[in-house]
């Protein structure tokens, strides 16, 4: 009986009608309930993180950190007596998930500021949306492209360019002239080969081959077989975990015995979980968090790092990762700026451009030109040994 | 209520809602949908608004998939691939080539359809599972393709797609966007609804009931399925276009498997074959997904990610187990339980057809392009082997136009195999069948049907999902011409009503008018057989192949049938019949051919065949009792 | 060059062994029920994640693996009894939707139970060896070994034992199966049990190096399907050969063309085979259409 379609409209009508409430023009670009509440009520901070999917090893500790910090802040009375309402949305490690989440946070939740995403690709997807809506955004991902030329977007992870320079300097010092790159195929690894070629030329280092892997990859035999056959002196594996750890494991198991550098994308326990003993001897530039116990006593970051490690391990009974540190810095930079100028977007943006913060990932000095705020001093070189990192060079 | 309000052409009773849908309820339905969509932005909270917008976007691929699954009976697990192709093409043309929105969108939809055509050309020849899994593979290929190609922005995708501007108004909020999408969904809905009740749509549902019967009535299953597959991809592509606008980014995840699953779920929840169900399903799945994302973390602390899949999986299983027709079925059942709904209006059973049984009914039209006596069907050297077994061995004969040929032989003699080769259902191992000067052997049945050859089946092939008149109407398929496009645009109503009138007339000629609106599967076996003959006659064939037309018929019915066949012959129709009732064959046929063990052992007029010793031996040689019975029959007749 | 080629071949063979076991499971169910079980890959992931969890909780490696395999076998039987058997008339359409539903449900359960991260069972005992520059990981021996023992065992069972032969005949001749003493119900349960078992074995042997992920089953199951199609969906031997070929082709594509294209290669093969030789690579052409 196909005739009476009315009865199929009826459920739609009922569902919709049930869900409807009130009457406003806020869905039509009106601002019925946004502005009057803006300077009262809770301060709304949204976060878009890679909680699930390939970026989960980054997003989960970031989510933990933000949740913990929001709780602490509200327990301490919030900002100027206003509570901070933190909304974390999982982008499932996808670009359009990130874009959707950003639109939702801006349009539905009317957030004052957005933190995220965990990785470069989703952050790039969020950028035009935040810019169009004129909402300040602080990414916790690495690639410089996230902030380059942007007025509204900032980031707290160390720039990949700086990381590459660190690696190349060390390679030059050790006399390597030919490097092979095995990189993440997503946004995090894009552009890395170009930088190595460009920055390597100044140091007499050439990039002899580039291989790529998906962050979801589990088999690295083809890439590592090709690397093994190349004439490179050393290899850079550029990725996040678990894939970077698995790549390292395959590298060792296939008997490639060239020195290996990794990026700062591996600064968490997941690297050792995935790579196991194969991690020994890996050299990577990273923030100071993972070698906090080996820092000089007068290091300006020591206090904040120690406090964070204590708080985090108390709350989650595990040690924080470098990514947790990126979220920690983003949160504090955001809160400090809101504390100073309130939630007016333009004022907040201007304030963020002058932000100074001694944090986990380094000592930040934002400027109108530099929305990243970290220089090479934010990074140290460390070598992996039996599941921990040894500080090589501060 | 809303049904049975179609104006009934004079002299014809209301067929009710079973087969003929009416325009009025479609318009009311669309009207309600439009009004709702106009109102929603003023009343809905912004999160509900968000869901509604995505529901409307996904309604498009869901409608498309519903046409494919419900109408063409094919499963695609790669609907997201076409969605992604539409979205990517649109996004690339907008951001990299700065094409105007409508142009980019059109090319996006066409790109999706083109890929579907290329993939469908080979794949639609395969059945069932294979298309499903091949489209699933296609989904992965598209995802890998966009991830590895610079033009599609690799893993990051294409971002920074600006919202459209319509008549100078920027569509920069969800409310405007909803109003922007709604007209397209409504138009898509109307096109799809029109298609389901068009000539092509009915043919497809007939194919789902019996592919063999539909093809022998002239339905080119392959071409129709391919068209619907392409169309369904077009719907998905259009959805992708809007998705790109709404989300402002297109990334490889638009081609993700889980997206295909959720589109499939929309169709299944809504009810396979119900276009409105697809729209309702889109809303339901969006709300379900959003709801699950809220509820599940509350039940399972710490649950993150795509937890809504839990609900999707459970719902998919439960719907198929408990409610295979989805919401559509539930709503229909509910409606029928209501005191005022459901029951079909009491039809005046004798208003039209209560003609006196003694009057001689009008004869169905016959179209014979050759003069009586000219050979219309020529079989030469027809052979079918299965491995080492020869089912039909080198059979040659010729049938003159305007005559009846009876094909007899013991069980397993190869009669039906012969029939199947003539009608195109089987490809001969060697030999040819020439019909009206055209070689038709080895082609599909619809080719023979197009030339004017129709058949009935020993094992009845009834279109069970429709009523009796619907079955006969399918016989008119070859006389119609409206294709998928005309069907979607609703430009065939005059054609349809003419065929409808003809269908009733043919039923009247076999005194089946009273049963015209009954469900075909409710008929007695004998009536179903008569209905099949009516269906074949509705095609106005030049040659009619009848496979045991008398089996299961009562004595009176046999007489009616025999009388009809004689009159049809007189009108110029050529008939070939396989029949067990040798007496009937001998009295009806102008010529009789006898097959034994696949070999033509006798061919001639009934008198000479009856006296042929080889025939007698053949009948004796198989089964003594049966042969004796046959012999007695033969004697009696003599 | 030759070393590289051999290295890729080893990787392809071990990966192909996993596909082969999944293909065996798919064919086992298909021959009896004419159902293509989309949840086949989930059996592997369920076993991998389950045993990783058991071992992490302190259970000895092989005990954990065994418990996981048996549990997954029971899950497969439950799937047959509670879901597949409840449908009176299974059409390709309903069977695809149903097994897709089970696949989705199992994924969600894994996500809820063990979270979104990939997890691995510890490496099985053994040492990596290096022959002429080609390194063979100990786990790869386990993977290939699992195919030889379990896959070979299943093939022998089907070809030599009365029950196996009856199962094979089941699809075409339910009566023949009855004569040997297998009711259609028992045959169906047995087929699903085999599917669950081989899927689980594939899942646990692959887990130490390829890891197990809640959402990883679909792709893996599809690779098994591609292999089964190469075998025309009837021949275990042909499917196993097809699976090993598929693994090697993937490895060569990844090594010599681009690693990102490896999955694309598999599905390109699938579509090509379906178009050119839907009856599979090995069998002589017969009427597979209807």
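First residue shown is number 1, and so on along the chain.
The backbone N, Cα and C atoms fix where each Cβ goes, glycine too.
Copied over from TrEMBL, here are the features:
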type	residues	note
DOMAIN	B:377-622	domain 'ABC transporter'
TRANSMEM	B:25-42	transmembrane segment
TRANSMEM	B:48-68	transmembrane segment
TRANSMEM	B:80-97	transmembrane segment
TRANSMEM	B:103-123	transmembrane segment
TRANSMEM	B:130-146	transmembrane segment
TRANSMEM	B:176-195	transmembrane segment
TRANSMEM	B:228-249	transmembrane segment
TRANSMEM	B:261-288	transmembrane segment
TRANSMEM	B:309-328	transmembrane segment
Selected stretch (most C-beta pairs under 8 A with the transmembrane segment (B:25-42)) from B:48-68, B:80-97, B:130-146, B:176-195, B:261-288
B:176-195
If we skip the immediate neighbours and take only residues 6+ beyond the ends of the transmembrane segment (B:130-146), which ones have a Cβ under 8 Å from one of its Cβ atoms?
74-81, 84-85, 88, 119, 123-124, 152-154, 157, 252, 255-257, 260
Determine which recorded stretch among B:48-68, B:80-97, B:228-249, B:261-288 has the most C-beta pairs below 8 angstroms with the transmembrane segment (B:103-123).
B:228-249
Long-range neighbours of the transmembrane segment (B:48-68), counting only residues six or more past its ends (CB under 8 A):
37, 40-41, 74-76, 79-80, 82-83, 174-175, 177-178, 181-182, 184-185, 188-189, 192, 195-196, 228-229, 231-236, 238-240, 242-243, 246, 262-264, 266-267, 270, 272-275, 277-279, 281-283, 285-287, 290
By a Cβ-Cβ criterion of under 8 Å, what residues six or more beyond either terminus of the transmembrane segment (B:176-195) are in contact with it?
21, 26, 30, 33-34, 37-38, 40-41, 49, 52-53, 56-57, 59-60, 63-64, 66-67, 71, 163-164, 166, 169-170, 201, 231, 235, 238, 242, 245-246, 275-276, 279, 484, 487-490
Give, as a single whole number between 0 and 100, the mean pLDDT over the domain 'ABC transporter' (B:377-622).
82
Using a Cβ cut-off of under 8 Å, list the residues of the same chain at least 6 residues beyond the transmembrane segment (B:261-288) that approach it.
29, 33, 51-52, 54-56, 58-59, 61-63, 65-67, 69-71, 75, 77, 79-80, 83, 185, 189, 192-193, 196, 205, 236, 308-309, 311-312, 315-316, 319-320, 324-329
